[in-house]
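Q: This is the structure I want to talk about, given as C-alpha cells.
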Amino acid sequence: MMKEKSISASKASLVFFLCQMISALDVPLDSKLLEELSQPPTITQQSPKDYIVDPRENIVIQCEAKGKPPPSFSWTRNGTHFDIDKDAQVTMKPNSGTLVVNIMNGVKAEAYEGVYQCTARNERGAAISNNIVIRPSRSPLWTKEKLEPNHVREGDSLVLNCRPPVGLPPPIIFWMDNAFQRLPQSERVSQGLNGDLYFSNVQPEDTRVDYICYARFNHTQTIQQKQPISVKVFSTKPVTERPPVLLTPMGSTSNKVELRGNVLLLECIAAGLPTPVIRWIKEGGELPANRTFFENFKKTLKIIDVSEADSGNYKCTARNTLGSTHHVISVTVKAAPYWITAPRNLVLSPGEDGTLICRANGNPKPSISWLTNGVPIAIAPEDPSRKVDGDTIIFSAVQERSSAVYQCNASNEYGYLLANAFVNVLAEPPRILTPANKLYQVIADSPALIDCAYFGSPKPEIEWFRGVKGSILRGNEYVFHDNGTLEIPVAQKDSTGTYTCVARNKLGKTQNEVQLEVKDPTMIIKQPQYKVIQRSAQASFECVIKHDPTLIPTVIWLKDNNELPDDERFLVGKDNLTIMNVTDKDDGTYTCIVNTTLDSVSASAVLTVVAAPPTPAIIYARPNPPLDLELTGQLERSIELSWVPGEENNSPITNFVIEYEDGLHEPGVWHYQTEVPGSHTTVQLKLSPYVNYSFRVIAVNEIGRSQPSEPSEQYLTKSANPDENPSNVQGIGSEPDNLVITWESLKGFQSNGPGLQYKVSWRQKDVDDEWTSVVVANVSKYIVSGTPTFVPYEIKVQALNDLGYAPEPSEVIGHSGEDLPMVAPGNVQVHVINSTLAKVHWDPVPLKSVRGHLQGYKVYYWKVQSLSRRSKRHVEKKILTFRGNKTFGMLPGLEPYSSYKLNVRVVNGKGEGPASPDKVFKTPEGVPSPPSFLKITNPTLDSLTLEWGSPTHPNGVLTSYILKFQPINNTHELGPLVEIRIPANESSLILKNLNYSTRYKFYFNAQTSVGSGSQITEEAVTIMDEAGILRPAVGAGKVQPLYPRIRNVTTAAAETYANISWEYEGPDHANFYVEYGVAGSKEDWKKEIVNGSRSFFVLKGLTPGTAYKVRVGAEGLSGFRSSEDLFETGPAMASRQVDIATQGWFIGLMCAVALLILILLIVCFIRRNKGGKYPVKEKEDAHADPEIQPMKEDDGTFGEYRSLESDAEDHKPLKKGSRTPSDRTVKKEDSDDSLVDYGEGVNGQFNEDGSFIGQYSGKKEKEPAEGNESSEAPSPVNAMNSFV
C-alpha cells in the first residue's frame, strides 16, 4: 500500500519527472519525452491584467507558452483580431508570442492603449491569456496657483491642502521644507491619507514660509513640488482651549467599501486643544488580532488581508480633557472572484474517465462560464465524451480526438478569473526515467531514498524487488512513495545491494536496477580536551577519527566558529592542532570538523590562557623625549620631519612614533601618523589637503614610551577635491514605504577643503530607472519616502567640497523597508515519530509574499489535553525557530499520549506573518512515570498492607502494576524474588503469608501497553506478635520487646531551660539523644547527646517566651524516634533574685486558696445531691473572673514562675500520652470551660432553668482553660481548678 510522504528539498529537481496522472499539471519535462509526446499549449508567462507602462519606453506585452508541437501565437485588440504585420511599430519575438511596440520613432504610447489578449494554438488545442489592459502612466504638472499666506491664531486648527495632479498611478505624497528635510509630524501635526497636512492646533513654532508638498510618480521616477505655503501664527493671551472636532471625515457617519484581500485604511483626524487622542473600536466585535495596525499616531486604522468577516461598524473617538466626539464608518467587504478549486490539467489514456472542476467564490457570487480552445463551449464543436454540469465538465470514455484546452471564467462586478486546463489523451507504455544502475550512497542508521521516476498512460503501477530476481519488497521497514521512490527509513549495512523497480500498465512493463551502498558513519574517537595554558607555552588539541575506508575525510579546524588566524604559530597535523607560543588572543573555542561526501561530525574544546608565574626583572627607565623637531622640504602632499633623540636610559630605543594634530578640524587631539626604527631621526610624511599640521615624536624602548616631544611648527596644506567617498554605505528601510540611506561621514582632515557635502543617489534595481540625487551636508543619513515595499535599490554616496567632487563612488545594493509577511505556510503536515518526537513539514511561502529578508519559520505548538486524563490545563505555547528556507523541523520533548496543536508562521526582519490553520496531532502511548508514592502500613505477624498512588504522568492507559519483593537478612543479602501483577484500578494490597519478624524490600512500577515505567522501592518489616508481647531472651530468662519504643515524652519548661523526660521499652544500654528546634521554623534540628541511659535531660540556653518542638531518639536502633512534642518557655522576668516558692506568705496564701476551693466544692456537691437549683448569679459570684482575683498577673508575684517539680506534678493527671502546653492553653475539644460549654455555641451545657450542669463534675481526662487567649501564665484559682 502506497504511503504519502514529503520529499526533501535536495530531491526537488526530481519532482518534474514524477508522473501524477489524474492531478498532473504537465507531462514530465524530460527532453526525450517532449520530442515524442504531444501536448496542448500552456500559457507560462503573461503581462498583468492592469498593465501601466512608461510612455518613454517601448511597450513589451508578454505572452509565453509551451506545447508539443510548439504553439503559434495570435493577438486580439479591443476584441478584434490584431494584425501585427500591418503595423510597422509592432513586432513579435521569435519563438514567442511577446509583442514589442517601438515608440522611439515619435509614436505616442497613448495610441496603443487598449485591451489585448493572446492565443497560443497547436494541433491539440488553444490556450488564451487574460485580458491585458494597456495604459501609459501619466505624471501631469502641478497647476499654477497663487497661494495666500495663512494667518492663524494660536490654538486654532489648520489644514494645508496639497491637491496633487491626478496621475496614473496616483502619486505618493510627502511634505518637506526647502532644505529637503521631512517636516516633523506628531499627534498634533500629521499628514492625512489624501495628502493634506492637518494641525489639530497650531503653536508659535509652526510659523514658517516653506511648507512644501511633494508628489512622487514612481513609474516615471519624477518628483514634483507645490508652491511653498506660508503659515504665520499670532498669539493671543490667554489661549482658549477647545473640545475635539473632527476635521476628517465630516459628519457622524460614513461608508467604506473594500475588496477582500486588500488593505483597509480608515482615518480620523480631529482638532482641539489640548491635542485630542484617537481611539478605535469595532462595534459588536473585536479588532482582528495580528492583522490590525495603528498608524499616523493612531489616527489611521489599518487592517491587512481583509475578509467578509471584517465588515461592520468601526468607531473612532477623539477625546481631550474638555470632551469627546466620534465618527462611525460602516465598512462593507466585497470580493472579486477567488479560487476554491481551479481546474487542473488532465492526462488520460483512451477509454478513461475524468473531470474538470472549476469552483470560485466572491461577493457577489461569481458566475462560471466555460470555453474550449478559446471559444464559448455552447458554440464549440460537439464532443460526445464531454458533458457540462455547471462548474464541472465530465469526460467519459475519452478518445484521442478529445484532447483540447478548456478555459474557465469566473466573474462578478469586481473582477474575473481565467484558468486554462488541458485534457491530453495519450496511450503510452511505461517508461522509467531514472538512469539505469544509478548508485546511491548513504550513512548507516540514516534514511535511504531510491528513485524510480516514471511515465506512462494509463498511470503505471510500481513494484520494488531486492536484487534482480528477488522477492517483492513489503513490510513496515519500507515506505513506498506515490512518485515511485522507495524509502528505507533506517538503512543498515546489510541494506547494501541491488534494487529493481518494475513499472507496468496495460500497454506493457519495464524495469530498472539501481545500486545502494551503506557506509559506516564518521566518528571522532578521541576528541579535543579543555586546556589551561600559560602564556608563551604550547597548546595541543587532538582529533582522532574513524571513518568508512571508502570515504575520504577532510579535517577543518575553527577558532570561535571562524577560520584559524593566518599565523605560522598554528600547526595543523593529521589528527591534531598545535599552537606555539600562545598569547592572550588565542583564548577561545577550537572546533574540529570532519567532513566526508556523506556526513559531517565535529567536536570542540576551550583554550584558556593564563599569566605565567612572575619572574624577577631588571628595572630600566623609559627614554627621554626627542628634541629639536624641524620641518623641511615642504610640498603640497608631503614634508620631511627631523629630530634629535633623547637619552636612552640604559635601554636602546627600538622605534619612534610620530603623531600629528589637525589644528583646523580637531585642535588638541593627537593622531597616530607613522613610526620608524630607532636608528632613524628623519622621516618623509604624507600629507592631506586642507589640514593645519603640527607633529610630535615619542621614543620607545623595551621599558615603554617616552613623554611626547614638544610640538613642531604648524604647516597648512592647500585645499583639493576629496580623495575618498564615505564608507559603510547602506540602504535599509525603517518603514515599509521608505529607504534609509546611511554612511560614515568623512573626518575633517578627509574633506580636503571647505564646504564638505554628500551627493546621495539611488535608483530601483532591475527597472532601468534614472538616478535620483540630492545633496546634503552635516548629516550621515537620508530617508527616501514613498518606496515600494522591500525592493532592491542601487545606492551611491559621493563626497564633494567647494573645489569639486571625489572620484565616482562604487554602488551598493540596499532594500526598502520590510513589511510583515502576507501568507501563512500551507500544507502543514505532522508525522509522529514516537511518543515524544514529531516531525512537521510545510510548504514554503512564495518569496514575494515574504516582503522582506526571509529569516525562517516559527512553529508554535502546545498541548491541548492528555488523552488519559481528559482534562484541559493551562496552555503553555512553545516556539521553535527554523532558520532559512527550511520546510521541515523536529518537535522534541512531547508528552506521550497527548493531543497537541501547532501552527507555522514565516518570519522576516519585520516580524511574523499570519499563522497557518492549527494542525492537531496526537502522540502515542509511552511508558508511565513511577507511581507517585508507595506506603507500607499495618505490619502484622505475616502480612503487610501496601498503598500507592497512580503515576503523575501515566503517558497512556495503565494496564497493570508490577510488584516485586524479596526478604533481606541482617547482612543485607537478598532472598528469592516474588513478582505479582496487580490490576490498574487497584490502589492497595494486603500481602499475606509473609515470614514474621522479617525485613522485605519492595519494587513497584506501573505498565502501559508500551511497557513498564521506572520503579520505586521501599522496605518494611513484619512484627513478631501483634500485641507487642515481650519474648524471652535465649538462655537468660529476660524478656525484651520486639521493637524498642520511646513514648510519653513530657516537658516542664522554665524561662531559659526545660526538663525533658520519657519512657523507654527495649534492649538495655540504649544511647539516647534529644533533638529540638523553634516551632514552625525550617531550620535543621539541634541535637544533644544524653549521657548514659537516663530517661530525662535538661535543655539549657533557651529563649524566653518561645515555642519549641522536641523529639527523643536512640542511637544504633535503626534510627527510630518518638513523635514530636511542643512546649513554650516562660516570659522574661525583671528580677529573679527571690525564690517566691520558698516565701512563707506565699505558702500560706496558697493553702488558704486551696481550702476555700475545697469548701466551695463540698457545698456545691451537697446542693447538687439535694437536687436544688443553682442560680446563675450565685454561680458567677462563686466562680469569680480570674482577671479580678487579688493575685493579678501584673503584680509580679504569681503565674510567672513555676518550679520544675510543680510543673511535672501538674502533668500527672493528664490523659496518657498527652500534655498541656506550659501556657495552659487547651484546644476546644479538650476543655470543659470553653465558651461553647457555657452556652455560646450549640453544645452549651445548660439546664432549662439556666443552672450549670456538671460544672464541678471534674472530668479528669481534661483540663479547664482560661477564659481569654492570653499567652500569660494563669491565675492561682485556675491553677487549683486544674489540680482538683
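Every residue, even glycine, has its Cβ placed from backbone N, Cα and C.
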Q: Tell me which of Cys268, Cys408 Swiss-Prot records as disulfide-bonded to Cys316.
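A: Among Cys268, Cys408, the record in Swiss-Prot lists Cys268 as the disulfide partner of Cys316.
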Q: Let me make sure I read this right: Swiss-Prot says Cys118 forms a disulphide bond with another cysteine. Which one, out of Cys63, Cys213?
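A: Matching partner in the record: Cys63.
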Q: Swiss-Prot tags one of Asn778, Asn1268 as N-linked glycosylation site; which one?
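A: My reading of Swiss-Prot gives Asn778.
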Q: Tell me which residue from Asn576, Asn649 Swiss-Prot records as N-linked glycosylation site.
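A: According to Swiss-Prot, the N-linked glycosylation site annotation belongs to Asn576.
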Q: Which residue in the list Cys408, Cys501 does Swiss-Prot annotate as forming a disulfide bond with Cys452?
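A: Disulfide partner per Swiss-Prot record: Cys501.
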Q: Can you tell which of Cys408, Cys543 Swiss-Prot lists as bonded to Cys592 through a disulfide?
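A: Checking Swiss-Prot, the candidate bonded to Cys592 through a disulfide is Cys543.
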Q: Using C-alpha atoms, which one of the disulfide-bonded residues Cys118, Cys316, Cys452, Cys501 comes nearest to Cys408 (disulfide bond)?
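A: So, of the listed disulfide-bonded residues, the one sitting closest to Cys408 (disulfide bond) is Cys118.
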Q: Cα-Cα separation of Cys162 (disulfide bond) and Cys452 (disulfide bond), in Å?
A: 66
Q: Select the closest residue to Cys358 (disulfide bond) from the following disulfide-bonded residues, measuring between CA atoms: Cys63, Cys268, Cys452, Cys501.
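A: Nearest listed residue in space: Cys63.
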Q: On the 0 to 100 scale, where does the mean pLDDT of the domain 'Ig-like C2-type 4' (337-424) fall?
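A: Averaging the confidence scores along the domain 'Ig-like C2-type 4' (337-424) gives 93.
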Q: Tally every other Cβ atom lying within 10 Å of the Cβ atom of Cys213 (disulfide bond).
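A: Here the count is 25.
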Q: So, by DSSP, how many helix, strand and coil residues make up the domain 'Ig-like C2-type 4' (337-424)?
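A: The counts are 3 helix, 52 strand, 33 coil.
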Q: Restricting to the same chain and to sequence separations of six or more, state which residues have a Cβ under 8 Å from that of Cys118 (disulfide bond).
A: Ile43, Gln46, Ile61, Cys63, Phe73, Ser74, Trp75, Gly97, Ile128, Ser129, Ile132
Q: When the Cα of Cys268 (disulfide bond) is compared with the Cα of each of the disulfide-bonded residues Cys213, Cys452, Cys501, Cys543, Cys592, which one is closest?
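A: The answer is Cys213.
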Q: According to DSSP, does Cys501 (disulfide bond) sit in a helix, a strand, or coil?
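A: Reduced to three states, the DSSP call for Cys501 (disulfide bond) is strand.
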Q: Determine how many residues of the region 'Disordered' (707-732) DSSP places in helix, in strand and in coil.
A: 0 helix, 8 strand, 18 coil
Q: Give me the Cα-Cα distance between Cys213 (disulfide bond) and Cys543 (disulfide bond), rounded to a whole Å.
A: 68
Q: Please tell me which one of the disulfide-bonded residues listed here (Cys316, Cys452, Cys501) sits closest to Cys543 (disulfide bond), measuring Cα to Cα?
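A: Sorting the disulfide-bonded residues by distance from Cys543 (disulfide bond), the top entry is Cys452.
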